[in-house]
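This report refers to the structure that appears directly beneath it.
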């Protein structure tokens, strides 16, 4: 593909508020070849002009696992999955609080509580609304919750309890959605994000790349999410879990994953772009390059899949001279 856009100039125009990236320019990034490293340099320049070498650390707690009535093809917790995972109800409040303390001591700024299922029960919401203030009172942590298709009343209760952010990913382009899940729709996810916004709670929403989406579909999805004005954008790359419909699915290359992140850096220049699940698998020797492009990442494990040892993560970030909250790991 011939080189058409001067991306350093585009980055300067974005920083000055004069323009934003177009659909065509985003597609040019994904299709780039001989000019690719110039584009990467421009994306890195854009990131550094906004947030320098700072990176925020998130820790994820799987607080309720398995037992889900949804049929998401990527998920080991869905009703269709035969993956060998532990299944349990909502963890006791003292266990959640203890894990929040560990997250803080290990340097996290954000504690992410994840619950499987379509949406929480009344009792589960009550439990969350008890433990959230306890965490906020004890620790300087932001709390993000992922708990399915929360209704307006549940969101209001969580807002009153002090929740900082709700995660609800769009996951995959609308045209690809029926290939991934049929127990709910892409519109259901968009409607949930609208309800979160209406309660004046910050939105965390992103993608799972590598589930059969086209380049054009992924860019359309990114621009659709931009309209919904998320606070943070977690970008996952499919962890193909044995026992799920997508358990043997993998067509992404490390360079394609890096191009996706560079494209998203341009689409979301002033938002918190987060490197999430799959980074250890998909980027191979490019992991340092992608880490330099983002504003935050996860320490340790994901939901049912193990990540990297937290000490190793911290050492990796320090070798890159990225500024994170430096606390003694326990």
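Note that the numbers count up from 1, one per residue, in the order the chain is shown.
Placed from the backbone N, Cα and C atoms, the Cβ positions cover glycine too.
Here Swiss-Prot flags 68, 72, 75 as [4Fe-4S] cluster binding site. Long-range C-beta contacts of residue 72 ([4Fe-4S] cluster binding site), restricted to its own chain and to partners at least six residues apart, with a cutoff below 8 Å, comprise 78, 171, 180, 181.
The [2Fe-2S] cluster binding site feature in Swiss-Prot is assigned to 112, 144, 204, 274. With a 10 A radius on its CB, residue 144 ([2Fe-2S] cluster binding site) counts 22 other CB atoms from all the protein chains.
Marked as domain 'Radical SAM core' by Swiss-Prot: 53-276.
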TODO: Determine which residues of this chain, when 112, 144, 204, 274 are set aside, have a Cβ within 8 Å of the centroid of the [2Fe-2S] cluster site's Cβ atoms, and list them as they appear in the sequence.
DONE: 58, 110, 146, 165, 167, 232, 234
Task: Entry from the binding-site residues list 68, 204 having the most other CB atoms no farther than 10 A - done: 204
Task: Additional residues around [4Fe-4S] cluster, ordered along the sequence, whose Cβ is within 8 Å of the centroid of 68, 72, 75 - done: 70, 71, 74, 76, 77, 78, 79, 80, 81, 116, 181
Open item on the list: With Cβ-Cβ distance below 8 Å and at least 6 positions apart along the chain, what are the contacts of residue 274 ([2Fe-2S] cluster binding site)? List them in sequence order.
Closed with: 58, 206, 232, 233, 234, 235, 294, 295, 296, 297, 298
- [ ] Let me know the DSSP-derived helix, strand or coil state of residue 72 ([4Fe-4S] cluster binding site), please.
- [x] coil
Open item on the list: Distance check, please: Cα of residue 144 ([2Fe-2S] cluster binding site) against Cα of residue 75 ([4Fe-4S] cluster binding site), rounded to an integer number of angstrom.
Closed with: 20
